[in-house]
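Taking it in order: structure first as structure tokens, then the write-up.
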Amino acid sequence: MVKFKNIRKVTLLSVAGIGLAGATIARERINFDEDWTFHLGDVPGAEASGFKDGEWRSLALPHDWSVEAEFSQDNAGRNAWLPGGTGWYRKEFLVPAEYSGKHVELQFDGVYRHAEVWVNGKSLGVQYDGYTSFYCDITKHLRFGEENTIAVRVDNSDVPNCRWYSGSGIYRHVWLTKTDPLHVANWGTYITTPEVSGDKAVVNIRTEIENSGRKAGFELETTLFNGSGKEVAKITTKAMVSKSKTVEQTATIKSPELWSVDAPNLYSAISRVKAGGKVVDEYRSTFGIRTLRFDAEKGFFLNGQNMKMKGVCLHHEMGTVGAAVPVRMWERRLAALKDLGCNAIRTAHNPMAPEFMDLCDRMGFLVMDEFVDKWEHQIRPNADPLNDPAFAEPHFPQEWEKNFTGTIRRDRNHPSVIIWSVGNENHPAGSDKQNEGLERYCNFVRSMDPTRPVISGMERGKDMKPEWKVNDILKSCAHMDLIGMNYGEQWVKRIGQRNPGKPFVSTESYVYFNSSETKRFALIEKSPWIDVLESDHNMGLFLWVGARYLGEVSKKKAWPRIHGGSSALLDMASFKTINGSMYEAFWSEQPVVSLAVYDGAPGERKGFSGWGSPERKRHWNLTADEKVDLVSYTNCDSVELYLNGRKLGTQKLSDFPNWIMNWRKITYEPGTLRAVGIRDGKAVCEDRLITAGAPVSIQLTADAETVASKGVVHVEVRLYDKLGNRVNHEEVELEFSVEGGMILGLDNGVMTAESSFLEKKVRQTNEGRCLCIVRAGESTGKLKLTVKAKGLSSSAVVVDVE
């Protein structure tokens, strides 16, 4: 049994860090992740208060049971060869007697899927969708001053039910919130900035007040603070409320600090409800001040500045930890994408965790916030029924409005969210089913939030005459605010000539190859990014995909491959790939040059598929006198190539319309291959590939020197030769041990099922590197990770735990 006093409490005062000294803590938001029990398998009667769960496993949330299993060909490749199943969670706790007369809610940030919640044996209903956050009013089911039980049954037994790896269980955080009966509703503020200039910003705040008690008069005091905690405005409104009341307030902020991708300035709104001479509730909202403009001829403008969306699609999981992703791992992944020049994320194809959205606000990403993948179940002709269906939640027709509403209310104050997407590849463009769905869902979203455009990632459909395809696209786009199309860059100019009055955005794009107007898999070696730059009304793209992900393996013969997104910019461990280096050259504002060696001669290379890319490698350990082809990616005027100090030649970027600078039939010799980027006649950057010897040492690099208790640290492990050169061409088996914490996972980015994620002590390197994710223990002190390998000197890294 758990008592509230033993649970870490997160209150408005501690979170906001704003000067409210002396104020009564009227709202408690309690992290409810600790002290659960779990059983994998269905257990009749486990919802009952008196059920004996003493033999169940004890654990803390978030938890994904699928990623804890072994890979097996008996499972679906769609789910990364991992199982689903049914699982039960239970938690016993003591509700203080002083909570009597208060309002209590339980919030789940994400449960996959078909989650039924009971409190003291009383069912509160089922949340079918596995990605949408939801909450329950549990007040009338609680026993104050007594023991209480929460039970959650999670049914993910019909795997595969998603086109990619979903995870299973309560894989995101759980929160318990106690308020006065008179309070601000959960996700109950809606903050917009209808007027913004350099001199001032008009801020409109709509606050929903709920009251489970008697009709009451109240005063709503809303105070606005800038990012430094300085008060910049205050508004007070008096009103009466029976059950629910929405109060609208307006404030003006002088000389506003705008939110942008380069300067993500944030503001806070503290909503304080007063009644009977005292504060009965305090609610904190974060928002940003920015302007959005979507111009049919010139594209996208943020704060009056024309810019392109340099975007990627991301799934919700992260390899070795499955769907239960610590926020520090998201922070590391987003920082790696930011370093490449990425400025936009499409949440493909479902709502992400709340903390992910917070990171996008703080780190300066534009977000296309997507509600759902498919509207209805679709089976492709001659499909493998276990692996190749286009799945949809069967309860979507009855549940979509509730789920859309929850996500809009949760995310509408995020300045990072600039576009809502109502779905992905739902029927071919121009079809009746596509148009009926678009009209229904887009109109609903606009009714809830008219401040952002609404689109869908439309299905490209079959190859056909370009004019027919454009007709179909425009027919469906009549229901959307923007023209959103997956893999449709080749039609942008033709669409622009038709002057539809809306700009275009590539909601999903290949990373490396391009299509023609008449053939989808034409495999043209030209990045879709070049199409973006060639059309002013093309606002940008979202590459498929930002990082490799689990699942979406559609055929049994693909075993043991467990990943999708082979051409991603980051691998599953969030290490930069060669394609990541390519897009760094395309997107970065800083001078960039990078080298890679093609694997094989033209016509012999693997990776030539729509979502693929030619296989290349990042090392200079080849066969003597071998003739090889190289490639350099750059945003410089030209590149000079040197081998062991000898200049091999100079090439201009302008001579390569596809920005892929190839170097043909270079004779290999050991040593140093060096590419130098030239701008305005000066050397401004360089890249080197050095012939490395055998690995002799291990180097560990932690991404933090200190960490809070239970905090997460990433340790990058790399191999080096006796001269201190990186070893990328030989692999060794590493052994890991930790003191003062635990290993959450090991990941080397390999895309096969050869190593189970259950293994936390041994992992082979890949390209001479590996990632170890470590969680500190509860106590302060030291967290020490030691890594060793046969024949190599061991290495250790120590992090302080505060």
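From the backbone N, Cα and C atoms, a Cβ is placed for every residue, glycine too.
TrEMBL: automatically predicted annotations, no manual curation.
Here is what TrEMBL records for this protein:
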type	residues	note
DOMAIN	85-179	domain 'Glycosyl hydrolases family 2 sugar binding'
DOMAIN	191-290	domain 'Glycoside hydrolase family 2 immunoglobulin-like beta-sandwich'
DOMAIN	298-508	domain 'Glycoside hydrolase family 2 catalytic'
DOMAIN	626-685	domain 'DUF4982'
DOMAIN	698-797	domain 'Glycoside hydrolase family 2'
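Sorting the domain 'Glycoside hydrolase family 2' (698-797) by DSSP state (H, G, I as helix; E, B as strand; all else coil) yields 0 helix, 56 strand, 44 coil. Taking the domain 'DUF4982' (626-685) as a whole, pLDDT averages 98 in the prediction.
Under DSSP, residues within the domain 'Glycoside hydrolase family 2 immunoglobulin-like beta-sandwich' (191-290) fall into helix, strand and coil as 0 helix, 71 strand, 29 coil.
Across the domain 'DUF4982' (626-685), DSSP helix (H, G, I), strand (E, B) and coil residues number 3 helix, 40 strand, 17 coil. When Cβ distances are compared across the two stretches, the domain 'Glycoside hydrolase family 2' (698-797) makes no contact with the domain 'Glycosyl hydrolases family 2 sugar binding' (85-179), since fewer than 3 pairs at least 6 residues apart fall below 8 angstroms. Secondary structure by DSSP for the domain 'Glycosyl hydrolases family 2 sugar binding' (85-179): 6 helix, 49 strand, 40 coil.
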